[in-house]
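Reviewing the structure listed below.
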């Protein structure tokens, strides 16, 4: 007996010290992560997957050991069927990057470095500071235009979202670097000419070039890419490595052909970020309508649709793309996705039969939606042998905790709810990818269940208190009711904690949820989260069971013989009904799991 008590004490000490050990491990992991990030900073500017709504995410898991380094060695944009298509990308915003201690216009040319770039949503949407100073301004008499004139050869454009862009009409260069500082525009023009000279023979005069300036410490970088609208590609004049370009490894991607849709997604991000003098073609609008209509039909006929939009959202998007008043937009060149409007000046808003005016708003809408669909195709290996067709299908091998004996014992003690919640979490997070509508449904379902458990636990706690208040409650009954009350209170506490987590708007966001689930999976494992989800219901059932035992003890041990006979017959009938119903429930539950 004393040995058993001693072992229980050791086990309790271990369990109490377990959270602190986890915190120590997480701190060590965070320190190693910071060290790796610091070492990576020497390789150049950090670019990440575009972070545009609705946050389509890739797996953050490490790649398999047989990971190969992929290179883009042929930058020619004309051949879309090549094994290494041009890579798409848009670069980071200028003044939002790491703070530089000096003025870029005063730096020598040796302090500047040229790097390939990709669309960086995190940097683009980073907070831009305003000094908050006050100034006494005077408007000259007769002054009608207060706009700041750009340098010679540049045009200034305000994006529909509000940020300022600049476009060089001769070199067809886009930049969101603020070039109003003296000398900065000349530096960009000079570097753009050098890049075009290096890409001679690969780019024509209409090929666009995006060139942005970023700072990291005391080093300044040009991040660039060329744009081919015909093939929906972005490319560079030098060979680039995929890992260095995206600063990320993609699990399961071992061939360049598998990056087709990722590169197309970056192309559409470029069109969204730089919509100046563009309009979507008829082909793009028709393709977008078709994808939205198919996604709507798929959501209506399948519970495991891969669409990142809910059914009501698809209806609203179809209304936006195809308004009742007329066509969304049209272009004079249907073979080109996003055509330039050089033949129709920005001030000319008339629409003829062979040409259409520029429409930056339509471009942003179409490009963002096309980006979402292209990125969704990439993460689901669209067009590959291992294409993922259902949202709950796993493409990679995963550990199965259900085979462990500890899991089976806990699953039995938790009334088989542990396995159910584990399967639920795996379905909603298959391949470490969250489908936004399925995640919202999961959060809603969990929230409703926790609310019900809280209500039932409150009623159960009141019943326990009423039982204790009854006269003549013996010591054994008190112990049983105390155990029932403690389990009820614990169930309420766990439900409140989980409700507080799921009520947080950040956790509803799939991007934040993916990060949290990734951390949990790496540190302790998904079954631990499933264990937390199983506790409210299991504790409530145990509390009801203890209350039932206390009631049976009160009736059949302490009551009069007549009462025992009457309630014995009643309990026998109840147990028969419960037994038959329980067997039926277990049969259907086992069939559904199988």
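Note that Cβ sites are derived from N, Cα and C of the backbone, with glycine treated the same way.
Annotation comment: TrEMBL describes 50-124 as region 'Disordered'.
TrEMBL lists 87-109 with the feature compositional bias 'Polar residues'.
Feature annotation from TrEMBL assigns transmembrane segment to 453-473 (among others).
The transmembrane segment annotation in TrEMBL covers 479-503 (among others). Long-range neighbours of the transmembrane segment (479-503) within the same chain, counting only residues 6 or more positions beyond its ends whose Cβ lies under 8 Å from a Cβ of the stretch, are 443, 446-447, 450-451, 453-454, 457-458, 460-461, 464-465, 467-468, 473, 532-533, 535-537, 539-540, 542-544, 546-547, 549-550, 553.
Look at TrEMBL and you will find 524-553 (among others) tagged as transmembrane segment. Listed as Cβ neighbours of the transmembrane segment (524-553) (distance under 8 Å, sequence separation of 6 or more from its ends, same chain) are residues 22, 399, 401, 407, 410, 413-415, 417-418, 420-422, 424-426, 429, 446, 449-450, 453-454, 456-457, 460, 463-464, 467, 476-477, 480-481, 483-485, 487-488, 490-491, 494-495, 498, 517, 571.
Per TrEMBL, transmembrane segment is recorded for 565-590 (among others). Residues 416, 552, 555-556, 559 of the same chain lie 6+ residues outside the transmembrane segment (565-590) yet bring a C-beta within less than 8 angstroms of a C-beta in it.
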